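Feature table excerpt (TrEMBL):
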type     : residues : note
REGION   : 74-157   : region 'Disordered'
COMPBIAS : 76-103   : compositional bias 'Low complexity'
COMPBIAS : 130-140  : compositional bias 'Low complexity'
TRANSMEM : 193-210  : transmembrane segment
TRANSMEM : 230-253  : transmembrane segment
TRANSMEM : 274-296  : transmembrane segment
TRANSMEM : 302-320  : transmembrane segment
TRANSMEM : 327-348  : transmembrane segment
TRANSMEM : 422-442  : transmembrane segment
TRANSMEM : 471-489  : transmembrane segment
Amino acid sequence: MRPPTSTLRRNVLLDRVVCQQPRLVIVPQSRLPGTLRRTLTTSRAPAATPSQRLKAGYFVSNAFLPRVKANGIHDSASSQRSSTVASTTSTTADTAHGSSSTTQPTTATDLPPVDNTLLPHRRRQAQRKAAAAAAAAAAANGETPTPLINPDAPTADLAPDASSQLAAAAASAPADSLKRRLSSLLSLSKPRLTVLVVLSAMVPYALYPVPSFLTSSALDTSLAPSLSPLTLLFLTTGTTLCSASANALNMLYEPDTDSKMTRTRTRPLVRRLLTTKAAVLFAVGCGLAGTLALYFGVNPTVSFLGAANIALYAGAYTPLKRISAVNTWVGAIVGGIPPLMGWAAAAGESATGDGTWRELLFASDGSSLGGWLFAGLLFAWQFPHFMPLSWGIRHEYKAAGLRMLAWTNPARNGRVALRYSLAFIPLCVGLSATGVTEWSFAVTSLPVNAWLVWEAIKFWRLEGHKGSARGLFWASVWHLPVIMVLALAQKKGMWGRVWRSVFGEPEEEEGEWVYEDEDEEEAAGVGEVVKGVVKK
């Protein structure tokens with residue numbers, strides 16, 4: 001008996017897929033009308049394989065990225081899983097049969113390498129499975145694996161930092177070659193961190209409101225205010241050298257703890273690519289050259305701030321890491337000093353008094369508030385950036401004996417990150433209120449600050465789990481440059497000056513002056529007539 005037509009139409013809309021519990025049976029379209037009843041009664045028959053209309057990589061997220069090969073994603077992932085399962089099975093079998101070979105302790109560093117062509121989330125999945133397999137093998141051997149690699153860490157997908165790359169390049173060079181020495185010395189300076197420090201000093205220098213910047217006299221090229229490029233050159237050079245000195249002293253102080261952490265064990269002093277004497281000479285030389293460049297090329301106030309930053313970073317922050325979690329706040333102060341250096345450098349060029357630190361940093365007219373607001377921005381930014389970063393490697397910090405809130409007080413770790421994320425909103429409003437930026441900056445910066453606050457809320461609620469640490473870390477990475485670019489693009493009076501320089505000042509018509517003269521003459525005549533009448 002032929003089934004009702006409505007049933008066939010419904011199956012046509014469903015692409016000829018008929019479901020029966022507990023099995024899904026897929027029937028070819030050409031055979032459905034004649035074999036419908038036989039197909040429904042054969043629930044145990046193997047299902048036919050449907051024709052593949054889309055490629056395997058179609059449903060893979062970010063399949064358009066050049067580094068991803070859609071045809072090999074599943075193959076590489078399955079090979080990773082099979083290799084992991086095979087290694088686990090072989091280890092368990094050897095243990096069960098009482099293998100006489102000596103088994104080395106299994107750690108996270110013994111995991112097989114993960115295919116770098118995989119997407120980041122698939123690499124993390126493969127690393128977690130490999131870590132689980134290694135933990136199972138270690139448990140079978142009666143050992144405890146050391147958690148040196150955390151696939152959930154915010155920096156798990158990052159490429160090695162510049163210091164590690166330079167140290168690797170130095171290690172591959174001949175022992176007495178110039179390349180080995182230069183690469184090792186450059187690695188001591190932590191190039192990426194130094195670049196961030198220099199940029200944080202340059203932005204306030206560029207945003208400093210020159211007093212005559214908003215006046216009409218700025219249209220005259222001979223009177224147009226401008227910040228000296230030579231001062232900017234000395235500022236960037238001196239800040240670079242001071243940062244390199246502080247970073248080198250930091251590495252000199254803690255090579256023993258650096259060797260216990262995966263992110264620092266490739267540093268040049270840990271790998272003995274440099275002697276301690278050479279590192280000391282490099283640190284002292286950079287510190288002296290940097291402070292002298294700031295003293296003679298900028299002003300003594302900026303030079304003092306550069307020297308104070310070296311002393312705080314190397315003399316206070318680094319030793320405190322072994323003693324108390326307060327070290328994070330000291331490190332945040334270190335991060336807030338470079339913006340003050342840039343602001344004081346620009347203020348020194350337009351100083352009207354003696355140009356001392358009181359005038360540059362504590363001006364009576366309130367013109368120095370902008371520098372402190374920028375310092376507050378960089379101070380507050382350290383916490384939503386470092387707290388999720390330290391959470392991902394909290395086991396390493398604990399093993400190395402470095403006291404961080406990520407493992408000493410995880411709940412407070414999230415609260416601190418949230419608290420300082422909320423501080424960005426009033427700080428950005430303050431920059432507009434003090435005349436550093438236009439009021440539009442307070443509006444355009446609000447979505448970026450709200451994004452950071454939202455990620456901080458998730459990090460606080462989940463205490464770093466379920467990807468919340470990674471989300472807050474990457475939000476902080478993007479947050480700071482976006483805020484700086486928005487501030488630069490909305491500097492107070494910048495676009496008005498651009499408009500006047502292109503189209504010029506609006507000229508007043510001559511007729512208006514004529515009318516004014518005529519009105520004055522009429523008024524004068526009326527006044528004389530009134531005086532004559534009064535005399536009569």
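Any Cβ shown, glycine's included, is placed from N, Cα and C.
Curation does not apply to TrEMBL; its annotations are automatic.
Note that the coordinates shown come from a computational prediction; the quantities given were computed from them, not determined experimentally.
Context for these features, please: burial, neighbours, distances.
Residues 225-227, 232, 235-236, 239-240, 243-244, 247, 335, 338-343, 345-347, 350, 367, 370-371, 374, 378, 435-437, 484, 487-488, 491-493 of the same chain lie 6+ residues outside the transmembrane segment (193-210) yet bring a C-beta within less than 8 angstroms of a C-beta in it.
Within the chain, the transmembrane segment (230-253) has long-range Cβ neighbours (under 8 A, six or more residues past its boundaries) at 188-190, 193-194, 197-198, 201-202, 205, 267-269, 276, 279-280, 282-287, 289-294, 296-298, 302-303, 306-307, 309-310, 313-314, 318-319, 334, 338, 341-342, 345, 348-349.
Among residues of the same chain six or more beyond the transmembrane segment (274-296), those with a C-beta under 8 A of the stretch's C-beta atoms are 181, 184-185, 188-189, 234-235, 237-246, 248-249, 251-252, 268, 302-303, 306-307, 310, 341.
Within its own chain, the transmembrane segment (302-320) is flanked in space by residues 235, 238-239, 242-243, 245-247, 249-250, 253-254, 287, 290-292, 294-295, 326-327, 330-331, 333-334, 337-338, 340-341, 344-345, 348, 357, which lie at least six positions past its ends and keep a Cβ under 8 Å from the stretch.
Away from its own ends, the transmembrane segment (327-348) comes close to residues 197-198, 200-205, 208, 210, 227, 231-232, 235, 239, 246, 294, 298-299, 301-302, 305-306, 308-309, 312-313, 316-317, 320-321, 355, 357, 359-361, 363, 367-368, 370-372, 374-383, 386, 403-405, 416 of its chain (Cβ-Cβ under 8 Å, at least six residues beyond either end).
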Go ahead and report the DSSP secondary structure tallies for the compositional bias 'Low complexity' (130-140): helix first, then strand, then coil.
11 helix, 0 strand, 0 coil
Against which stretches of its own chain does the transmembrane segment (422-442) lie, if we need a Cβ under 8 Å and a gap of at least six residues from its ends?
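Same-chain contacts beyond the flanks: 207, 209, 366, 369-370, 373-374, 376-377, 380-381, 449, 452-453, 456, 479, 483, 486-487, 490-492.
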